[in-house]
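The structure appears below as structure tokens.
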Number of protein chains: 6
Amino acid sequence: MRSDPFFHPVSGAVLPRFAGVPSFMRLPHLAPDHPRRAEVEVALFGMPWDGGTSNRPGARHGPRALRDASTMVRAEHGVTGFRPFEAMACADLGDVAVNPVDQDETLDAITAFVGDIVRGRARPLGVAGDHLCTLPVLRGLKSAEPPGLVLLDSHTDLYPLYFGGSTLTHGNPFRVAVEERLIDPARSIMIGMRGTRYNDEDRLFARDAGIRVVPMDELEERGIADVAEEARDIAGGGPAYLSFDIDFIDPAFAPGTGTPEVGGPTSAEALRLLRALSGLELVGADLVEVSPPFDNGGITAWLGASVLFELLCLMGDETPR
Amino acid sequence: MRSDPFFHPVSGAVLPRFAGVPSFMRLPHLAPDHPRRAEVEVALFGMPWDGGTSNRPGARHGPRALRDASTMVRAEHGVTGFRPFEAMACADLGDVAVNPVDQDETLDAITAFVGDIVRGRARPLGVAGDHLCTLPVLRGLKSAEPPGLVLLDSHTDLYPLYFGGSTLTHGNPFRVAVEERLIDPARSIMIGMRGTRYNDEDRLFARDAGIRVVPMDELEERGIADVAEEARDIAGGGPAYLSFDIDFIDPAFAPGTGTPEVGGPTSAEALRLLRALSGLELVGADLVEVSPPFDNGGITAWLGASVLFELLCLMGDETPR
Amino acid sequence: MRSDPFFHPVSGAVLPRFAGVPSFMRLPHLAPDHPRRAEVEVALFGMPWDGGTSNRPGARHGPRALRDASTMVRAEHGVTGFRPFEAMACADLGDVAVNPVDQDETLDAITAFVGDIVRGRARPLGVAGDHLCTLPVLRGLKSAEPPGLVLLDSHTDLYPLYFGGSTLTHGNPFRVAVEERLIDPARSIMIGMRGTRYNDEDRLFARDAGIRVVPMDELEERGIADVAEEARDIAGGGPAYLSFDIDFIDPAFAPGTGTPEVGGPTSAEALRLLRALSGLELVGADLVEVSPPFDNGGITAWLGASVLFELLCLMGDETPR
Amino acid sequence: MRSDPFFHPVSGAVLPRFAGVPSFMRLPHLAPDHPRRAEVEVALFGMPWDGGTSNRPGARHGPRALRDASTMVRAEHGVTGFRPFEAMACADLGDVAVNPVDQDETLDAITAFVGDIVRGRARPLGVAGDHLCTLPVLRGLKSAEPPGLVLLDSHTDLYPLYFGGSTLTHGNPFRVAVEERLIDPARSIMIGMRGTRYNDEDRLFARDAGIRVVPMDELEERGIADVAEEARDIAGGGPAYLSFDIDFIDPAFAPGTGTPEVGGPTSAEALRLLRALSGLELVGADLVEVSPPFDNGGITAWLGASVLFELLCLMGDETPR
Amino acid sequence: MRSDPFFHPVSGAVLPRFAGVPSFMRLPHLAPDHPRRAEVEVALFGMPWDGGTSNRPGARHGPRALRDASTMVRAEHGVTGFRPFEAMACADLGDVAVNPVDQDETLDAITAFVGDIVRGRARPLGVAGDHLCTLPVLRGLKSAEPPGLVLLDSHTDLYPLYFGGSTLTHGNPFRVAVEERLIDPARSIMIGMRGTRYNDEDRLFARDAGIRVVPMDELEERGIADVAEEARDIAGGGPAYLSFDIDFIDPAFAPGTGTPEVGGPTSAEALRLLRALSGLELVGADLVEVSPPFDNGGITAWLGASVLFELLCLMGDETPR
Amino acid sequence: MRSDPFFHPVSGAVLPRFAGVPSFMRLPHLAPDHPRRAEVEVALFGMPWDGGTSNRPGARHGPRALRDASTMVRAEHGVTGFRPFEAMACADLGDVAVNPVDQDETLDAITAFVGDIVRGRARPLGVAGDHLCTLPVLRGLKSAEPPGLVLLDSHTDLYPLYFGGSTLTHGNPFRVAVEERLIDPARSIMIGMRGTRYNDEDRLFARDAGIRVVPMDELEERGIADVAEEARDIAGGGPAYLSFDIDFIDPAFAPGTGTPEVGGPTSAEALRLLRALSGLELVGADLVEVSPPFDNGGITAWLGASVLFELLCLMGDETPR
């Protein structure tokens, strides 16, 4: 056990899991000036902002719902037996001070927040908000060697700016990330795309940039193990970033999201795929687009909390055990 | 592109998809006296009536919920790339003027409405309402060569009149359709049947009439591709009608229906089956039994809208491209 | 009866009220180029935008929910017997083409849309969206003689810009409207304010500007008739604008809103107050902040549709009968 | 205590109130052939039928929801201290064997069921279903001296047959009851009417027939005590029937109904009005239009159960104590 | 047909399935002193108690919700054609008189209730309540030859007492059952375990006791048929008890439970597994942890009713047909 | 301003009110060993326990829901202008370490927790949980001079132990409190009682003990001001404790509770009554019985947060300003 007990979640044996002030996974909530903040290795934080949403809003309420649901997470992974809180010093750093009506100010605040994390030698595990929030996270991570990307999503989010304007939306982050050289397209893969689309501008952009896109029907046909192996081949062997849009999973399992697309994987399939991604060298990860106002009885938040735990365990994979 | 832009949906680039007066798929809403009604090739219309429901009502509210959800449909099929609105002149012809308390009057009104569509050389794509509505649609389509039937449903709807009476219910349409020679039993197949049943009267009727019934457990065992091939064999090679009861899909995906049966296909499986039916010579199709009062957060309507788009694309299959 | 039957709602005797493509109150939906648009006297329209929301979003979905619920409105006012659709040519002009992520573009589009209405000599009856939408409506109405304002709301929306920024929110519209001389503060009254507040900046602004504020506890004490008389005294005798924020009513009656404040009037009290405002010379009116994702079983939309009908009848008051 | 303990509800001290097979108020459930059925003085029964509904259906599920909620009712009235189960032999006689798709058969079955109750010298306390169910109850009660009627409702239900047809709806029962001389219009009063209306045909019919209509705004103005006194004056001094449509109460309190009208009384006001009706010579009563699919968290059913208990206590009023 | 028609459910042809006082599967509800109680072969009963719940409560409301939903069950199994109500005399014996605040009293009451059933030579089919209720059922069944156990669940419920106390929870029943020799661990198998866990105390106990645990990932890998065969091998050849925790199934299908774990089987997979267990010599069975307050639109209760019917049919398997 | 800014809530101008880790009213969350804990004057804390609930459970989830909703509370009272966070050092001390399945252990833990608060010279403002939690709070407050009690509730909670047992329930706290001399009955008043009851044991106990009971119908008749004056007369002039059961308010406003009683006050009336109680010398207060699983869209939690703020302001009344 490497991590100090200070960084362990409050145990369910001390206080029932439904009780207490809810931080992510019941981890210590550290204010910016907390004396032990420098020891944090994995920084969970919220980006409660949905100002890039072109369709149904509400993802601004995602981080709070995930804090609530994630207090149900226990100490040990059910399949691998990995105990992430003992392997890494994890903490909840709170939410970025977003401005609900100002996109520029918010994106800058996120970039700065992640920059602080990185400077503290911690790795970010972010909870948004809409998918546009991933862009400033990548900006905050910017380095000489851009990471590869593994995107689990039902959309590529590679669209040109739309509504004829100059303002970004949650359909644009990865196009801009490629343009700003925040990710390495040649080491990037997007899995799960489906549903109707306006046109194929995103696919053409992916093709030209060299991003591999595995649509849902291909995933069904080839199976999870095969696609996961391809993802590890593409994004492995160097730094990688994993972004998980909850709408990757079928809306029966994850109704609480802004732009659901039916015909997606079950939760069992999604978790199996995540486990199969083990071994990536993750510089950061995020979970986005959980929109509590459209959730049914909290099942999306609960599923999101399980996904978040899988992401955390994947981040622990490269930590010597 | 064959279709006139007049028949294209309002684009999400012009008006956000959640905005505007909701017609089916944002198509033009044409009143009976509209000058361009004669140009319509595929006529979407509603049958907001559930007076044949023996169990939980509410399907009368289905067409409106589907109009609302279907404004999220975009222009292009995600797997095939087919763009139905460019291939066929599609329009929303509004709802049949049903009478919520009068079965005879309503069935006649539907038959007349469909008759008008057929006389205008358009093909009907109806949104009910309960499954009894399919009967007057078939009456409106009546021709010398009755179509084969592909039914995706958890029930056969081949029961004799029950409650000891003379009034039709949503358990009877296909029995009556056989009796009235509205469909060709030898070219008919029913897929997905499951759940408890009173007795086997419906199966005996199917056997005697020559209708092929593929229950859910057989579908699970043989797989979608195999069953779809059989369906194309049976119903292909002549006109066919496709009726999709939303309770074909498992209630976790489609809770908003009157008589759900657990243990059904996922939405991914259902969509895959639909795509595999490509190539049928469809004279019409319908989607029935979406009951919004029993829906959870609109996921059934959303799924229904996706099914409706698949049906529309299947109707476009025989259109020269 | 002055109005042409063309402008009458579809009757429930022709098509059940729950059926058909839902326009506001089942009125004709006129596209901008419709030949009869110039005859419209009262223009209902939607502003599906909530980009000024500092708290819970979702009001962008308000106009569609109100179209749906308002198809339940019948022809005649239950208390006064007034039949607005016969007295005035009313129509649904559709929604303003808002941009969900661009505030400037959206506010300008609303101003232009209302300007068109005004130029056509119609009066606007708008359905938002968040309360910031009222500002561009007032801009579109701008004239030499600014109207008085009657605001029914639980907040004054007279706050200075906050989140330390330059972007407007739904807490600012009337402060800016005063600054831009879009309303006449001396002929303005705000009724129903309650709940905790950050500070009294809004009240000081109101006092300095000369706006009368009647908080909820004063309304309770004096009673509806007395306050309504004061409102007619203040805003009468000249053009006036009536803005109704659904959060004026207690959240048990109107849960579907972004920033509810408990301890408000019942729906019966709210409707009585509206009826008691009869006689104002309304140049326009709006209903704002209905947020369907936070509604319970649609009761807020239903209540909103009733409020909308009261507003329409108030707009008919000055029409000779 | 007159009633045999056999007719007392299962006590919450024996079995928690949420437990057990739910009959109305936990009363004994007597099949038609039960040996003690002849001793029943007040017969509770269900009419799970909504085939007369012109708008939102679902009232067929009302009786079951009311059985469930009414197990929360305790033995003693909170204000008067009256203990109805000790004063009268009460029982749950189950549901009428309705036919969901056959109006004639159902109305006849209800009439026959009530006829049996009357012949057994019991008085009926019915739970519908939609308001059309009251008509066959009145037919079953038919006698030389038609009862007066007290109707608490937001609609008069005095409309002529509509949808241009010959089939009855829930808008017709009292018009037909007058025509069939099932109630005495001169001893009838209707309270709480409100909302928009198509026209004033119902009011003209009431006026011509001699039925007193007290709309909601008059009730607000005069107060409950005054109106209740008038109701007792009109309907007292002879047999009377009390029909309670749950939509009498404001939809914030009773959302679970088919045609809600906002601006109604609170539950406290409704219960006060019921208590103030004490002293009527009730030959029967009913509670109608609770539609569980449109309820929010069961609050309508719970309120309905409380109303049902008030009705039962009113029926006990003429029982010597 | 062996069973007397007295023990057949009320037919949907006599009374619609949504009507009537809801007993389990519309079976006769027999009070303890009913003259025909001795003839009962399979005794359905409720244990409306959740006082062992360490997380989200509400399972006390499970039996009532299952009575309601189970009235939708028809006479015949859809796959096997088995008609259990004709093969065995089944009845609803009502609920155990639990005490919501007293664990000892409640557990004793359940043990005594089951003891009565066993003495009457009937077999119990119980509906809880939380999973602790299974312990007193097993105590009531106690015999010289303890049954094997088949547990379908996402948790082993083999934990030591926690919260540092002496009070039992729903995490303990099978540990105590092993200690009290109520089940034979060597003939016991637990299937479906998943999710995070505190530690591996339960797995060590299982290993030491000789209980076979098949976690979810093993079930996915090997498939249903293979695991079912192993279960029949382990628990067959002697008396067995089958306990079904609804949280075995993925929360998208069964959200209404206290401690859901994502990544579980679909309902189709769960039903297939149950059917594949055919041939066990069941001395009893139960369905636990349906918690209606956390359900979405009743889908969990509906699924639970289908599971209950499968359990009933499995209990009929050893009955000579 | 007396209070140190350390004890002020996070401002909505710094972080949107829906963002951040939710403590009560965004106050600092102080662990037991926090260096500044001794400075706290009003201690907010949670008692997430519902093991005394005889009916619908779920109040264990109340404290978390109230933390979430209460982040919407702003700094200043809307009517009085009082700014409690500046007048008193307030903090969130977290939740008592309850044991969901052990009543004795939990009650002792609460008593000890409150004892600590009192010893630190702070006053407790507790959020339960069910109403039994008030008993150990009063035990923790025990002093030579027992406080008077003001109870706002729809039940007296003065019942003898029921279910024939020795275990306490939420129907007993004030009976035991009188017996243990924890409150002064002569200075106690209970307001709002209504609904059916088993018998009048509670009222006889109240009469004998000298507790004043004002049932709902008396409150309606006399009005809020008059009853509030009586309450101040009875409980004033010495230490007092105020307990607020959310079921005091009508279930349309507060559906999220275990044992709702219809016919209660509106939220406006409840808040007015609270404000009218100003001037009491409060040694502590609590809010109980908010049960989130039965809430509708969070309106009960929101209302509860407003009540909690009123209680806090009342506790500040005796603080010199």
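Glycine residues also receive a Cβ, built from the backbone N, Cα and C atoms like all the rest.
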Hey, TrEMBL has Mn(2+) bound by C:ASP153, C:HIS155, C:ASP157, C:ASP245, C:ASP247. Any idea which of C:HIS77, C:HIS131 it lists too?
-> C:HIS131
Where among the binding-site residues C:HIS131, C:HIS155 do you find the Cβ with the fewest other Cβ atoms within 10 Å?
-> C:HIS155
Check each residue in the chain of C:ASP245 (Mn(2+) binding site) that is at least six apart in sequence and keep those whose C-beta is under 8 Å from its C-beta; list them in sequence order.
-> C:HIS131, C:LEU151, C:LEU152, C:ASP153, C:SER154, C:HIS155, C:ASP157, C:THR257, C:VAL288, C:GLU289
Residues near the Mn(2+) site, C:HIS131, C:ASP153, C:HIS155, C:ASP157, C:ASP245, C:ASP247 excluded, by Cβ within 8 Å of the Cβ center?
-> C:LEU151, C:SER154, C:THR156, C:HIS170, C:PHE248, C:THR259, C:VAL288, C:GLU289
Name the secondary structure element type, per DSSP in three states, that contains C:ASP153 (Mn(2+) binding site).
-> coil
When the number of other CB atoms within 10 A of each residue's CB is tallied over all shown chains, which of the binding-site residues C:ASP153, C:ASP157, C:ASP247 has the maximum?
-> C:ASP247
For C:HIS131 (Mn(2+) binding site), the three-state DSSP class is helix
